[in-house]
Amino acid sequence: MIQVLLVTICLAVFPYQGSSIILESGNVNDYEVVYPRKVTALPKGAVQLKYEDAMQYEFKVNGEPVVLHLEKNKGLFSEDYSETHYSPDGREITTYPPVEDHCYYHGRIQNDADSTASISACNGLKGHFKLQGEMYLIEPLKLSDSEAHAVYKYENVEKEDEASKMCGVTETNWESYEPIKKASQSNIPPEEEAFYQRYIELVVVADHRMYTKYDGDKTEISSIIYEIVNTLTQIFRPLHIRVALIGLEIWSSGELSKVTLSADDTLEAFGEWRKTVLMNRKRHDNAQLLTGMIFNETIEGRTYKSGMCNPKHSVGIVRDYRTRRHFVANRMAHELGHNLGIDHDRDSCTCGANSCIMSATVSNEPSSQFSDCSLNKYLNYIVRYQSTTRCLHNEPSETDIVSPPFCGNYFKEVGEDCDCGPPANCQNPCCDAATCKLTTGSQCAEGLCCDQCKFTKKGTACRPARGDWNDDTCTGQSADCPRNGLYG
């Protein structure tokens, strides 16, 4: 049994009201300095893990006590995760680093239903959390006292510049790619289709400008990408999409595709490189280029609308122009949203925040939420283009999840019948969130052949016909929808 470690942090808080300090996120005003004192409560004889599966931090923000609950993001890496860089003479070097005991967490604030947190615990606490609708950042201070941390509101980070920035996908060009083959009408109601789990196996590429920007420090670049993807996985959870990092590549010896001031040309070249090189080397669903290039026309990212699963068009490019990882994760989520058929938000779209993920202009305070319009667009996309987005159905096998099973992390792992998340978040009547077992009388909790907790009748169509092939049908013995030879 995995022991849950509860860590209580007692903090001495020293506010620096009106003062300014240069932190990793930039120049910050009005921050608080906190000194964590870690109290560990492990059962007698329990083994101390380097990075615990669950942690709890108690501290004060603006004089008020808060309790931060954290759980390790166990779906962050795939089993065959790899990292690739290049020697000075251009020779490819690929490694398979152990990632089981990583230090990246998701979390929430106790008694705040709308709270979120994305934290790295690798060297102190670093990341962001939302409390009472406001975004806070936390990071270790680079002082001789290694226990000192800074906590500050996102709004107190001085902006690099106030020029309006934008996504490169505009109304005049976002139809540049649409899947040619459209699925016939599904027998599955759209409201049910929205709740089926999908998966994006992601490769992130750091270009040579990123490599030189960070002085050739591959470890730092990798950590940056881990933080970005950790936030990315949290952003896509409401869409029932699990994002797993399957590969990371650093162009350490030079650019491997053309990177220019033109975002369009850069995207075109990167898509061609993905199709002809990367896909032959690494199985994945989507690739994102993180670049140090400053594009023309204040463009921060570019992609192909509805390009997901296409060999050349399931790509995006994102500029790494800020040290705030949450901001870059927001832009990458935005481009992935376009890949999934989502348009820019209109003025009438809402998400409960000042700005939403799919806003056409880049907000200085990024959102972590998709709007109501985005959710509807995504649902329309997956219903309309089922046959061309089948890569999203490639669920990792239970043995592909590299960490030990942990009930409540949304991943069905070895020994579990289901996993609908923590009890407070679970909305699946077929699954007991406390045990990750099926509820009494239930045969299944999810799947194309699961209806009201029971296996669908044998012969029921679960995936519509494609071309000359007949419908895929349920067996009556499983919640899975078996694929015919065309898609097997």
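The first residue you see is number 1, and the count goes up from there.
Placed from the backbone N, Cα and C atoms, the Cβ positions cover glycine too.
For E201, D285, C391, N394, the entry in Swiss-Prot reads Ca(2+) 1 binding site, with the evidence type similarity to another entry. Mapped onto three states, the DSSP output places N394 (Ca(2+) 1 binding site) in coil. Residue density at N394 (Ca(2+) 1 binding site): 14 other Cβ atoms are found within 10 A of its Cβ, drawing on all protein chains shown.
According to Swiss-Prot, the feature Ca(2+) 2 binding site maps to N409, E413, E416, D419.
The domain 'Peptidase M12B' (198-396) scores a mean pLDDT of 90 in the predicted structure. Summarising the annotation, Swiss-Prot assigns domain 'Peptidase M12B' to 198-396 and lists sequence analysis as the type of evidence.
The feature domain 'Disintegrin' is assigned by Swiss-Prot to 404-488, with sequence analysis given as support.
Secondary structure at N296 (N-linked glycosylation site), as computed by DSSP, is helix. Annotated N-linked glycosylation site per Swiss-Prot: N296, in sequence order, evidence recorded as sequence analysis.
Summarising the annotation, Swiss-Prot assigns signal peptide to 1-20.
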Query: Rounded to a whole number, how many Å is the Cα of D419 (Ca(2+) 2 binding site) away from the Cα of C391 (Ca(2+) 1 binding site)?
result: 22
- prompt: Which one of the recorded positions (N296, N409) has its C-beta surrounded by the most other C-beta atoms within 10 angstroms?
  reply: N409
Statement: N296 (N-linked glycosylation site) and E413 (Ca(2+) 2 binding site), compared by Cα position, are separated in whole Å by 46
Statement: Residues lining the Ca(2+) 1 site besides E201, D285, C391, N394 (CB within 8 A of their CB center) are Y199, I200, R283, H284, N286, C309, L392
- line: DSSP composition of the domain 'Disintegrin' (404-488), residue counts helix/strand/coil, works out to 0 helix, 15 strand, 70 coil
